[in-house]
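Q: Take a look at the following structure, please.
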């Protein structure tokens, strides 16, 4: 048994015919020497159904993210550029699920060796692109929080597009072994990777290779970035910042929280997969039907991660939430008429609250100033009683809207004889 994937149940007990290592579109070979009819029924009906549901949800969610970023963002930010590439990788990652569901339902690969190689290569490229994008996003968060001034000229949308293109190229280079060794070997009916002799050494080396470059290496960089961010935030926690700096820092913290949530979900969904495969290299896992559900869950989690990212964006980002509403509720005239009061999707809810608080504080300051002027006017022995300034009266009318219906003269008299 090699790199886990319950895409088909091998009926052979020969180790040489076991499916090969590729996450996650390799087959789970040798689950048992003779699978039960009940196990075949579950594999042929329930598993394809789960894959198709995940595929539909993932395609719809990531398509919505791509549309919102491209249509409802006038000038995409650096983070939005990376989110766009992450959503594109997740969407292409979902395209391999129908082939996987067909192999589960039919118990063999019906699409030929060329499609096997193409599907596995595209699947691998998008898998590595996802983790590489998360790594780049974490580095971007580090630069934005720890070195905001020095990194300003590098943290631009054109630079982010160049970095994203480099990420796709790097992913294509990393999966070259998949292009070379994947296919449908003679005498077998499943799509997997066929290694030269010694096959066990090649298989173990490839598992370590993919785990190091596709998970543990990037995870180390991500953890280092957020460790430095925490140190920076704690060291600057007691400083007094100007209002503009405070607003920018709050915005950076919101974006950082969203990126951390996406990274945490990725680790949660992919960690069991890689850990179980590394354990399988050291000590072969049990090949019993009782463990089939566990193996399926471990392999299904990475696909579920790709369809869960849009949900995270909707919950954690106000701009994406507003963009989703504009797209999904577009036919409603009522919602459309209320859109201008909500504001553009690039504006966060917290920023609206900050502006409202700022306006209230400014109005409060004006009110205090007005009260001081009114008290000076009403003091006995001053000449201000006979000629109160019109500017004071107009401001008092704004502060006292219930008196707006009276004339200007009466308002002035009320101010004079308070």
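Placed from the backbone N, Cα and C atoms, the Cβ positions cover glycine too.
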Q: Any idea if residue 71 and residue 193 are on the same membrane side according to Swiss-Prot?
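A: Topology check (Swiss-Prot): residue 71 vs residue 193, domain names differ.
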Q: Among the disulfide-bonded residues 116, 191, which residue has its Cβ surrounded by the fewest other Cβ atoms within 10 Å?
A: 116
Q: The transmembrane segment (80-101) and the transmembrane segment (162-181): do they have three or more Cβ pairs under 8 Å, with pairs 6 or more apart in sequence?
A: yes
Q: With a cut-off of 8 Å between Cβ atoms, can you find at least three pairs linking the transmembrane segment (294-316) to the transmembrane segment (206-231)? Only pairs 6 or more residues apart in sequence count.
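A: Contact between the transmembrane segment (294-316) and the transmembrane segment (206-231): absent.
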